[in-house]
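Novice: Provided herewith is a single structure, encoded as C-alpha cells, for subsequent inquiry.
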Amino acid sequence: MSAARVGVVTFPGTLDDQDAARAVRLVGAEAVPLWHADHDLKGVDAVFLPGGFSYGDYLRCGAISRFAPLMEELIPAARAGLPVLGTCNGFQILCEAHLLPGALTRNASLHYVCRDQKVRIEQTGTAWTNSFGADQEIVLPVKHGEGRYVADTDTLAALEAGGHVVVRYVGNPNGSMNDIAGIRNEAGNVVGLMPHPEHAVEDLVGAPSTDGLGFFTSILKKLVNA
Amino acid sequence: MTDSVKRAAETPDEPMPYAELGMKQDEYDRVKQILGRRPTGSELAIYSVMWSEHCSYKSSKVHLRQFATKAPKSEALLVGMGENAGVVDIGDGWAATFKIESHNHPSYVEPHQGAATGVGGIVRDIMSMGARPIAVMDSLRFGAADAPDTRRVLPGVVEGISHYGNCLGLPNIGGEVVFDPCYIGNPLVNALCVGLLRKDQIKLATAPGPGNKVVLFGASTGPDGIGGASVLASATFEDESHAKRPAVQVGDPFMEKLLIECCLELYAADVVVGIQDLGAAGVSCATTELAAKGTGGMQVDLNLVPLRDPSLRPEEILMSESQERMMAVVRPSDIPAFMAICAKWDVPATVIGEVTDTGRLVMTWDGEVIVDIPPGTAADEGPVYERPYHEPAGQAALNADTPDRLPRPDDLRATLLRLLGSPNLASREWVTSQYDRYVRSNTVLAQPADAGMLRISEAMAGAEPTTRGIALSTDGNGRYAKLDPYAGAQLALSEAYRNVAVTGAEPLAVTNCLNFGSPEDPEVMWQFAEAVRGLADACKTLGVPVTGGNVSFYNQTGSTAINPTPVVGVLGVIEDVAKRVPTGFTAEGLRVVLLGETGEEFGGSEWAHVAHGHLGGLPPRADLDAERALAAVLVEAARRGLIEGSHDLSDGGLAIALAESCMARGVGATVALTGDPFTALFSESAARALVAVREEAFEEFAALCGDHEVPCSGLGTTGGASLVVEGVLEVPVEELRETHAAALPAIFG
C-alpha cells in the first residue's frame, strides 16, 4: 500500500511546518505541504496544523486563519472524521474554527514561556494518542505566549465528564484551567494541544526527549489499520 | 515648495539646517564643493545620514583597517568586511554568514521596539547576503540589576527580542546578560544573526546593468525613525532624550517573516541581480550604496515609494527608517516573475527606478529633479577623522589599585553561594525561557550551553545532507576592558573562541560589536584604539579573521562613558555534529579534569566586583598561544570521542564552572585542589576549561594534552548529589540550583 499521507498546513506566519513535516517523515509517512490560499486538501489522510504566528497573530491568535480558503475545506472534512492535530497556533486555530471548544488566552505570567514540560496523556483512544500508555507521563516542549486554556464552567465540566481532556500539564506553565494542555472533539479525530511533539522526535536536536514521536506513530497506526 | 536642484542653483545662499542634522560646518562645505552648489534639502538629508558616525564609521575607520591589514590568511573567508555581513566557507559546499550589530540607543528610549527592531535589522542584513537566517543570539548589558530603571529597560528589551525573534521563527541559541552600574543610562543591546547558504549563491549589494529595474519591496514607508540614524544613534544622551520617543522605529515581525520566505523564493528563482536591506538611513543608504557598487548610476522617482503616511516629504522619505523593507535590482524580463513571488507571499513590491550608466544618482519628485549626486561621495567617500587620543588621566592609578589589598574570605562555601546568586552569575532562565530555542528543529545546543550549536543538514529544504554543524558564542567583559582595553578585547575574543572549542567545534571566524563612549573624548578614543589593536592582533595570532561587525559610539550620559565593551562573536565548525560535547557533567563516575594553568588573577574579577565592589589592577593575562593549544586539544578530543562533557572557565573561575557543571544534569562531583583554595576556586585566569573524561579514555586524553603542551590535572570524579571540594566546602546540587535559579526572578518577578 502507499504511505499514509499527512498534510502539513502553511499559513503566512506559520513557523513549525518544516519541523512537523520532518516528524511525519521520521515515522515513515508522507508529508504533503498544504497552502493556506488553496481550496485543496490534496486528498490527504490526516492534517497537521503547526505552530507559529499565522497572520502575525493580529486581531487574535488564529482568528484570521480560520477564514483561509484551505480552512473552508478543512472544517467540513474534520467534521466528517478527517484526523486533524493542531499544536500551539494550530490549537488556537481549531478553537477559533469551533472544531474544539474554549479558547487560548495570554499566559498567566504575561510572559512567553519556552520550557521542557512534563505532561500526562489521559486519553489514548484518539487518532493521535493511541501509541501511548494510559496516564503515561512524557516531556514535550511548550513555547507560547497565549496558551492559557479557558472555557466556561459547563464546557469545562463537559470536557471532563466526556473524557475529552487528552493531555494535562504536570506543573502548569501558563495558568490553564484544570491544567489542560490538550483536548479532543467528541469523535476523537480532532485534537488540539499547546505543547510541541514535533520538537521532541530526535536525540540530537530539540527537547531532551523523543516522546513526541508517539503522536506521529499514533496517526500512522490509525491510518494503516483503517 | 519642493527644493529642487534647479532652485538650489538659483538660491545659493539659502541657509540649510545642516547643524540640526548633525553635520559639521566643514562637512557641509565639502558637500557644497562636491556638488558645486548648495545641496537641496533631499541631498542634505542623504549626506547627513550617510556621513553620520553610525553609517560612515568616520571616527573608527582609521583603526578598523587593522582588521584587514593584520587579517590572518584564511581560506574559509568568502566575503570579508564591507558587505552587509561576512561569509565563511563551512565545508561540503555550505557557507555561513553572521554578524552582530548594536541597537543600544533606541533600546534605552523604547526598550521593546528598540530591541525588536535590532533583531529585525540584523536578520535583514543576513537575508541580503542570499542566506536563510537560521538563528539569533543577543548580548545584553544593563545597569545594576536592582536599579529602578533596569526594571523598566530589561523586561522591555527581553520582550522585544522575544516577540520579534519568536514571531520570525528563529531559534535564540545563546548570548549574554550582564549587569554593571556603568550601563544604567546606556544599556547595550547587541543582536547577532547567522544565516546559511550554498557557497555559490552569495548575493551582493550591487546595482549593475543599465536598464535593470530598482524594486522596493516589503512594508510601506512611514515616519518611523526619521533622523534616527544621525540624531539617535550619533548623539549623546542628555535628559531630554525621552522627548525623542517617536524617533524609534516600530517593527512588524510578521512582515519580516514573509520577507524571509519571499526573498528565499526570489533567490531560488534567480530573479535578483543585487539586493540591499533598508536599515539605518533607509532609502538614502540603499540607493547610494547599490548605485556606488554597481554601474554607478540610478534614476529613482520618489513619488513611487508606497507611503503609509501620504503627507511625508521627500526629505523624510529618504531618511525614514521604516522596518521590513528591502531593495532589489532586477532584470526587466524578470519583473513579472519577481512580482508573482512577492504576490504569493502578500509582500507589496514597487518598481521605483532603474540603473543607469550616468554615474549620478538622480531622484525626482513631482517631475522635478531633487537629487543629483555622484553616489560614491555619499556612500564611500564620507569624512574620515583621525581623532586625537591619549591614555585616561586615571588609568595608571586604576591599574595600581590592585585587588591584592582586598581581604580574602574565610568561608569559601558562602562565597561560592554568594557569587552563584549574584546577578551576573545567576541562572539566565528568566530571560532565555522567553525565547523559542527549538523552532526549525536544528538546535543541538542552546543556553545555558557554552555555545549555541546548529546542525546544517536539515536547515534548508532540499539541500544535500552533511554531518556538519556550526557553533556560535558571543562574549565580552567591560571591566577587563576598562582596566586594559588591549587585553580586554583579546580576552573577549579568547572567551568566545574557547566557548566554541569546548563544544568540539573549530573556531573559524569573528564578528564584533564595539561599544564605547564618545569618540570626541580623547580618553574614550584611546580605549577604542587600544581595543581594536588588541583584537586585530589576537585575531592574527589565533588565525580567525574578522568578517564584519559594528561600532557603537556615544554610549555615554553627560561626560560619563560606559566601560569600553568590545563584544566578540566567534563562529566555529564541527565536522560531525553528532560528536558535539555537551556542557557540564553528563554522567557519574567520570574523571574531572582541569585544563590550563591557574595564577592569582583577581583584577576585574566577579569576586572583586560582588564581594568588594572593586575594580582595579590588571585583568587576567590574555595568553593566546595557550588558548590556541587548548582549543586544539578540545576539538581533537571531541573528534576522537574522548570527552563526555566540558565547560569553559571564565567569570567566577573554577568554583562557578564546577557548580554549573553539576547543575547541568544534577550530577555532583568530588574534587581535591592543590595550593591556596581561594585562588584555585575563584581566580579568573584565561585559557582554562573543565572536562569530564571516561576513566578508560583518560590516558589517551592526557597524552593528547601532552602533545599540545596543555597542562592537565585530574581533580576528582563526578557522582553523588553534592559538589564536594575536599577539606574546603560541600554543597548539595539542589542548593546550588535553588540559589542559582532564585536571583533574577526575585528582582524581575
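Glycine is treated like the rest: Cβ placed from N, Cα and C.
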Novice: Going by the substrate site in TrEMBL, where B:SER102, B:HIS103, B:ASN104, B:HIS105, B:ARG124, B:GLU321, B:SER322, B:GLN323, B:SER552 are listed, which of the candidates B:GLN33, B:GLN249, B:GLN395 is also part of it?
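Specialist: Site partner of B:SER102, B:HIS103, B:ASN104, B:HIS105, B:ARG124, B:GLU321, B:SER322, B:GLN323, B:SER552 for substrate, according to TrEMBL: B:GLN249.
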Novice: Nearest to B:TYR57 (ATP binding site) by Cα, among B:HIS103, B:ASP125, B:ASP277, B:ASN550 (recorded positions)?
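Specialist: Answer for the nearest of the recorded positions: B:ASN550.
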Novice: Can you tell me which of B:82-196, B:209-365, B:450-574, B:588-720 gets the most C-beta pairs within less than 8 Å of the domain 'Phosphoribosylformylglycinamidine synthase linker' (B:18-58)?
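Specialist: Most contacts with the domain 'Phosphoribosylformylglycinamidine synthase linker' (B:18-58): B:209-365.
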Novice: Starting from B:ASN512 (ATP binding site), work out which of the binding-site residues listed here (B:GLU101, B:ASP277, B:ASN550) have their Cα within 10 Å, and give them in sequence order.
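Specialist: So the list is B:GLU101, B:ASN550.
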Novice: What is the set of residues, excluding B:TYR57, B:LYS99, B:ASN512, B:GLY549, whose C-beta falls within 8 angstroms of the centroid of the C-beta atoms at the ATP site?
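Specialist: Sorted by sequence, the hits are B:LEU64, B:MET81, B:ILE100, B:GLU101, B:THR511, B:CYS513, B:LEU514, B:VAL546, B:GLY548, B:ASN550, B:VAL551.
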Novice: Among the binding-site residues listed here, B:ASN512, B:ASN550, whose Cβ has the fewest other Cβ atoms inside 10 Å?
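Specialist: Counting other Cβ atoms within 10 Å of each of the binding-site residues B:ASN512, B:ASN550 gives the minimum at B:ASN550.
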Novice: Select the range from B:82-196, B:209-365, B:588-720 that forms the most Cβ-Cβ pairs under 8 Å with the domain 'PurM-like N-terminal' (B:450-574).
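Specialist: Ranked by Cβ pairs under 8 Å, first place goes to B:82-196.
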Novice: Take the domain 'Phosphoribosylformylglycinamidine synthase linker' (B:18-58) and count its residues per DSSP category (helix H/G/I, strand E/B, coil), listing them in that order.
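Specialist: DSSP composition of the domain 'Phosphoribosylformylglycinamidine synthase linker' (B:18-58): 25 helix, 0 strand, 16 coil.
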Novice: If I take the alpha carbons of B:HIS103 (active site, proton acceptor) and B:ASP125 (Mg(2+) 2 binding site), what is the distance between them in whole Å?
Specialist: 14
Novice: Given the recorded positions B:HIS54, B:ASP125, B:ASP277, B:GLY549, state which is nearest to B:GLU101 (Mg(2+) 1 binding site) when distance is taken between Cα atoms.
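Specialist: It is B:GLY549, whose Cα lies nearest.
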